[in-house]
Amino acid sequence: MAVAVPVVLVLLWLVDAGFAGFRAATGRNARIDKRVYHLVAAGRGLAVGAAGLGVVAVPALVALAGAADVGARYDGLVGAGVRMLQVLLPFAGLLAAALPAYWLLPMRESAFVVLVGLGPFTLVRPVVVVAAAGWAAAGSGDWLVWAVAVAAAVGVLVVEPVVHRRWYRVPVRGLRA
C-alpha cells in the first residue's frame, strides 16, 4: 500500500493529463486524419501534467522529509491517497469501459458513446476531482494532507486550460500540426 497508492495516483494523473491534452486540441483541426495531431496534443498534455506533478510532489516531499515523525506523516498521506482513490477509481473504471467503445465502434455508434458517456464524464470530471480532494482531506487534520490534496486537485484541473491556451487557442489553418 505504501508504494502502490502513490504509484496509482501518479499514473492516474499522467493518463488524465494526456487526455486533457487531447481534449484541448479536439475540434481545433478540420483535417480527416488527425492521429499525429492528437498524439502531439496528448504528449503536450502529458508534459504539462508531469510539470504540474513535480510542482505538487517536490514541496510535499520536502515537507515530509522535514517532519518530526516521517513514518506517521507518510502514513497520513497514504491514507489520504486511499480515500482519493475511493472516489477516482470508480470514475476511471467507467471511463475505461467507455473508451474502447469510442475507439472500436463505427462512427455513428462512437458518436453515441460520446453523447451518453464521454461527454458527461468530461463535464463531471472537475466535480469528481474536487470530491476526491475533499474526501482525502476530510479524513485528516494534518495541514500537509490538506495542502497536497488541494494542490493535486488544482494541478490536475489546470492541465487542459494551460494546454488549450498555449497551443490550441486558434484553429489549425495550414497543413502543419
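Residue numbering: from 1, along the chain as shown.
Each residue, glycine too, has its Cβ placed from N, Cα and C.
For 6-25 (among others), the entry in TrEMBL reads transmembrane segment.
Annotated transmembrane segment per TrEMBL: 46-67 (among others), in sequence order.
Positions annotated as transmembrane segment by TrEMBL: 87-105 (among others). Note on the transmembrane segment (87-105): residues 8-9, 12, 113-114, 117-118, 121, 125, 128-129, 131-132, 135 of its chain, located 6 or more positions outside it, place their CB under 8 angstroms from a CB of the stretch.
A Cβ distance under 8 Å defines the sequence-distant neighbours of the transmembrane segment (112-137), meaning residues of its chain 6+ beyond its ends; these are 23, 80-81, 83-84, 86-88, 91, 94-95, 98-99, 101-102, 105, 145-146, 149-150, 152-153, 156-157. Positions annotated as transmembrane segment by TrEMBL: 112-137 (among others).
Feature annotation from TrEMBL assigns transmembrane segment to 143-163 (among others). Within the chain carrying the transmembrane segment (143-163), a Cβ under 8 angstroms from the stretch's Cβ atoms is held by residues 9, 13, 16-17, 20-21, 23-25, 41, 44-45, 48-49, 52-53, 55-56, 59-60, 63-64, 67, 73, 76-77, 79-80, 84, 126, 129-130, 132-134, 136-137, all 6 or more beyond its ends.
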